[in-house]
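Could you have a look at this structure, given as structure tokens, before my questions?
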């Protein structure tokens, strides 16, 4: 039956189609916010999100895509591009854009509406063990954010043994390139808080900790961090 | 003697519509004021440096700090106080200025080809400075004009500067300098800046820089 069908349909092997230049490559996407832009009011305004996500984050993605269009990295995922462009501490021009796309996705997902409060379970135990108390963790995290001079980020990171520590990085640098697993971040570039807090960076970080952090997300990341 | 916050040379609304009143008020009254307080606090740990003026403090502090292994406090705070004191003076009410002197214009043409070419280079330095920092036009050690940018509160007087020069014009590209009015549109802010340049001060800065110095701040 199959032989009859194939002879009727004249289904002989065909030569491979000629190579066509690819017109659509694996561009890095601008991931949407995980919540509505007004969902974190009044702590982080809709206006801030419209610029921070809609302009700054978008520009990093657009500019990265222009840099990698048609090249090897265009077929890679974001994590790979970040590590490759870091180039062992001698970053290529793509790094600032790639890392900033990564950082901003990680930042949005570190927050949620009606966030803040306290973590529970294994993460809270680890915080108490490694900082002495939850309040002391908050103090150290806030101090890191306040003392990151110029633009940058403050982080809660874990190592392979599950030990927590605080890190701060300048500009686009992400602790992943330094072998740490970030589980929480706050953006301390002035564009992250200037419309809502102006020069009052300490107030911004305090509000972030008290009202915005998604401890669910942080706990998940802690549980999933490579051991 | 402790450093003090200098008054703005004009009312906070003088640079409208190019730099908005609220930004001038916060930029001077909060950001610059904090640098003044912080540089004075930092100098409490280095009393022997208290007699230096702000220019000399910027020129010498870096070697000293590395030798006592501090956290660049004088670089940040001494840089911040110098940079902002310098910045207010190179701006003025729009159309209050009559443009560069003949000598300065000649030096610009010689170094860059034209005023437009210099502005393009300056604008590119300002737009291209990733993160926080400043763009500068200044007199290099060989006497010619150059454009450079620095990170954070560094400036071309400091030992850490990649390209050392005596600044004659500077532009703050920290986001606090423009975010309330321009948000992410830094190139628009940079273009607007040329409307408020105090060329008379830049001329004075140029004359002094050609002699290896700077006018009093």
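Even glycines carry a Cβ here, placed using N, Cα and C.
Pulled these features from TrEMBL for this protein:
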| type | residues | note |
| --- | --- | --- |
| BINDING | A:52, A:104, A:187, A:191 | Mn(2+) binding site |
| DOMAIN | A:30-112 | domain 'Manganese/iron superoxide dismutase N-terminal' |
| DOMAIN | A:119-221 | domain 'Manganese/iron superoxide dismutase C-terminal' |
| REGION | A:1-22 | region 'Disordered' |
Whose Cβ, among the binding-site residues A:104, A:191, has more other Cβ atoms within 10 Å than any of the rest?
A:104
In sequence order, what residues of the same chain, 6+ apart, have a Cβ less than 8 Å from the Cβ of residue A:187 (Mn(2+) binding site)?
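Listed in sequence order: A:52, A:103, A:104, A:107, A:153.
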Under 8 Å, Cβ to Cβ, against chain B: pull out the ones among the binding-site residues A:104, A:187, A:191 that qualify, in sequence order.
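Out of A:104, A:187, A:191, A:191 lie under 8 Å of chain B.
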With DSSP as the reference, give the number of residues of the domain 'Manganese/iron superoxide dismutase N-terminal' (A:30-112) in helix, strand and coil.
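Counting residues per DSSP class in the domain 'Manganese/iron superoxide dismutase N-terminal' (A:30-112), I get 54 helix, 1 strand, 28 coil.
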Quick one: mean pLDDT on the domain 'Manganese/iron superoxide dismutase C-terminal' (A:119-221)?
97
